[in-house]
């Protein structure tokens, strides 16, 4: 960072605020679990982004067959072995991470803003607006998330895109509920009354006064959600309504590998472990953030 | 608001959300790609036959009318016919549901007998070695995909150690020796007086039930631990200790009893959420339950079966959550007060 941009930053970020950040960072790093979690996530994101460069056999990510090399156990050439059509399992896992992270990005990228907006509106206005929005969220809660996503997917062609749509259509509801409950308790607070009396517009009160108070629980929830979304996506792919072969979905790979158990265990086992490590990373980070911000967020 | 008024309001809310659910699921199932009548009859049927069946199934009517027909049937327990099994969906559900309930109930039992003691031990040794070990186990259990751990159990206990069978509910040699009374094999084998089959049914259920209970064990353990720690510092517990009561008595009689309330909440939620996780576990173990039936229905676009299974699970899911609320209100007056104050 150049001296000039640091100067610009100084003008926006006060010294107290920077000290607060530094203290938070220190508290965050004092818990090894959260740091390990953050490390896992960053490492996997980098591996996924640079998969075409770092994967030993990038061409194996798609429709590739080498029938002279099928179901080879782990070796120096193929550290995690090969699958039933001779593709390198490690390369497919790295590309599989791209699909998992994309799923998280799309689901939360759509679900969180929509949920937060509807939650703000419901919590602030109350009355009929609130009733309608909250009844809609209740409906989404009438089924376990996996079953709901499965039922929606069943009406569509089984593809990754449709699995994303199904999960995203579901996910906004949790954020709407979380934000609504916070806003409902904040709207009577003095600072909101003061802003109202000072003639602030409703959008100003919603976004500049109330929203900042909901950010830390949302951040914690998003981190914990990420792991959960990955598990649901992997579950749908495992059932066969998510990522379709030859695309390298992690859940799809576990499912395909089961046909070759117990002798060729490496396909299912390594693909399953890959899901586990990523989800574990998000959960460790989320747990650390929850302690840091000292907020209660339930799944 | 009175407690009972609160409950009535909750019930009304549940009814509304179930109706909402039925509309969503019904509509999505009716906009399926492909013609269900064609699928039911197969590729060899003539166009006239397909048209005739479509008319008979009411598929030519607008979707809102189809929905009303469906709801009218639902009131008398008619969920339509499955395209796959050609039987009434309600018959199929009654047939497959006990297997799932049996699996979930055994899982729940394992969750309680493993999760709660581990939580108590962790609380007793707060920040000690055992506590940190259970924390790691908890992290592991909520992060690992259930279907993956199910496969690992099959590899370890089935293929490698050859201790337990890896698929199905009962060995084929017992097929004729057990009559169906309740659909719960652990009960039916006893009623048939077939002890060997009873033991075999346990051997079959133990792996899927354990795989299904793992995520819950982690959560129950953590919540028991934290509520034990909360209660331990309360004045009345201090007082009992001051009276010189032995610490095991304080732990089990006074602390655990009050610490149990948050655990009970989680248990109720878990029991309901197992309904969802069972989908994956049943698939791995070829467990012939409702989830297996539902997955087959989804994969074959068997729309009546999809709606039927989804609605059954929805009703079970919200009823269990409601019952937990009622139960909590009964055991803890503080919770009842909070409910009365709400809205």
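From the backbone N, Cα and C atoms, a Cβ is placed for every residue, glycine too.
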Of the ranges A:75-100, A:101-126, the one TrEMBL annotates as transmembrane segment is A:101-126
The residue range that TrEMBL labels transmembrane segment, out of A:33-55, A:148-170, is A:33-55
In TrEMBL, of the candidate ranges A:191-217, A:218-244, the one given as transmembrane segment runs A:218-244
Long-range CB partners for the transmembrane segment (A:101-126) (under 8 A, at least six residues beyond its ends), listed in sequence order, are 44-45, 48, 133-134, 160, 163-164, 167-168, 170-184, 186-187, 202, 205-207, 210-211, 214, 218, 222, 225-226, 229-230, 233
Under 8 Å Cβ-Cβ from the transmembrane segment (A:264-285), and at least six residues away from its ends along the same chain, one finds 33-34, 36-41, 44, 71, 73-74, 80-81, 83-84, 89-90, 92-93, 96-97, 100, 223-224, 226-227, 230-231, 234, 250-251, 253-254, 256-258
